[in-house]
Amino acid sequence: MVQLGQAVSVSGLLLFGTTTSLFAKIVYELKANGVDGQEKYFRKPWAMTALMFMGMSFCLPLAYYQERRAKKRSAAEDPLLSFDDTHAVSPRRSHLMEIALLSIPTAFDLVATVLMNIGLLYVTASVYQMMRGAEMLFAAFFAITFLGRRLNRYHALGIICCVLGIALVGTSSIMSGEGSSTHKVTTEEMLLGMGLIIMSQAVQAAQLTFEDFFMADLNIPGIKIVGYEGLLGAVGTVALMMPIAYYMPGPEGEGIHEDFLDTLTMIGNSRALQIVLAVDMAALLLYNVSGMAVTGHLGAVFRTVLETMRTLFVWLVDLLLFYTPLGVGQLGESWSVYSWLQAAGFVVLVSGTLVYRHGDHEANRRMLAEALALRNAEAPLEAESAGPGMPYGAAASLLPSYGAMSSPLSMAGYGGMSQPIDSLVGTPSRMSFRASQTIVSGSYSRSFHAPGSYLSRSPWSRSGTVGNGLRVSTNGIDD
């Protein structure tokens, strides 16, 4: 991981995160001459999808550079204990197999990104950013349905706030009638745009659920995972999806048909487009690096708070562009009487996100307390059954291993527990950054609820188990 200070990483996440969201919309408002010689708007959602993956792929050389530095530093400190990640890979999977496994979440990400980019054609940047809060709803649904999770009362309250907030934001957008600063967007197009963005969040929640269940023990650093997903996504978009979009029927600029040659011509004919796309790609790289650094320094809960601040900054900068010469008369969004309704929706969304995150903390704290209590209660019995000749420390080694707990679940800001769960069990976290943003980390709950583990025998898990020990709830709510 790139070593960034807390202030630098927080500032980077806010700056580059705001830049990526704004530029994703700004690029649609720019004009250039196409292959037919006519000037038109750069409405190219497929090209923007490829650009996003290219920006992510730049994390890969950075990851290998960091890895090489770590090897040299380790070798210089102690040649006998030099860093060698060839032995760190799980015996169940080779390194190539783990990389190949990344193609599945990459496919999810590709579909979600295309849907978001098409939806962004018809809504403002602030509405686009707020609508992405719908991911919480689908993540909760998939966690209950496929992972056997139970949600507590804080989760339920957070979900209710999320639904209400999205409804308020969507209503304000429709009533204001503003989806673009350069051309008229109909109500039907706004509804289509918001629907596509919400659908994209369902796909992203499915991606997180897949990563949570199948990839929680992936032995690849988070920054390298982002890089590989970017590389696989860029290749898949350029080599497969864009040729398909080229031959699809429909008008140009509506998200179905897209002329790749026209895209290249427009970029070549516009210096403004070239600058915006280059800055956007660099911002995507720096946003990912800053985001992982923030999570490492301050935890996922603080990262969630910063993401809500990013949404606010997107809206404020959009207003600034509209009412100042910075927007050159064609960028940004206006403030209307219905913007107060959108502001209320934003406040409800933020409140729901924070309440939901508190539910995560309560669930994690409760599981950890149950597991440690059972371990302490059973350790003397294990020592007695081992016989008088075996020391307590050796008997304790017979207890179920916590090595599978690889998720960086940080408790920063809660009850004085500022270190990640990893530091409590001594296992370094190497899992995907994206997978760490789920409701309750899969590797965390699976390791505790596996057959024979402490929580699988605790009163808290008496609602039943299925498969590999995942709990099944009748109503999905745990109060």
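Cβ coordinates are placed from backbone N, Cα and C, and glycine is handled just like the others.
Copied over from TrEMBL:
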- 46-170: domain 'EamA' (DOMAIN)
- 48-65: transmembrane segment (TRANSMEM)
- 99-123: transmembrane segment (TRANSMEM)
- 129-147: transmembrane segment (TRANSMEM)
- 154-175: transmembrane segment (TRANSMEM)
- 190-210: transmembrane segment (TRANSMEM)
- 231-248: transmembrane segment (TRANSMEM)
- 275-300: transmembrane segment (TRANSMEM)
- 312-331: transmembrane segment (TRANSMEM)
- 337-356: transmembrane segment (TRANSMEM)
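Tertiary neighbourhood of the transmembrane segment (129-147): same-chain residues 21, 116, 119, 123, 155, 158-159, 162-163, 165-166, 169-170, 194, 197-198, 200-202, 204-206, 208-209, 212-213, 310-311, 314-315, 342, 345-346, 349, 352-353, 356, 438-440, 442, 445, 470, 473, 476, selected by CB-CB distance under 8 Å and a gap of 6+ residues from either end.
Cβ atoms under 8 Å from those of the transmembrane segment (312-331) belong to residues 14, 18, 21-22, 26, 29, 124-126, 129, 181-182, 346 of the same chain, restricted to positions at least 6 beyond its ends. Per-residue confidence over the domain 'EamA' (46-170) averages out at a pLDDT of 84. Residue counts for the domain 'EamA' (46-170) by DSSP state, with H, G and I taken as helix and E and B as strand, are 101 helix, 1 strand, 23 coil.
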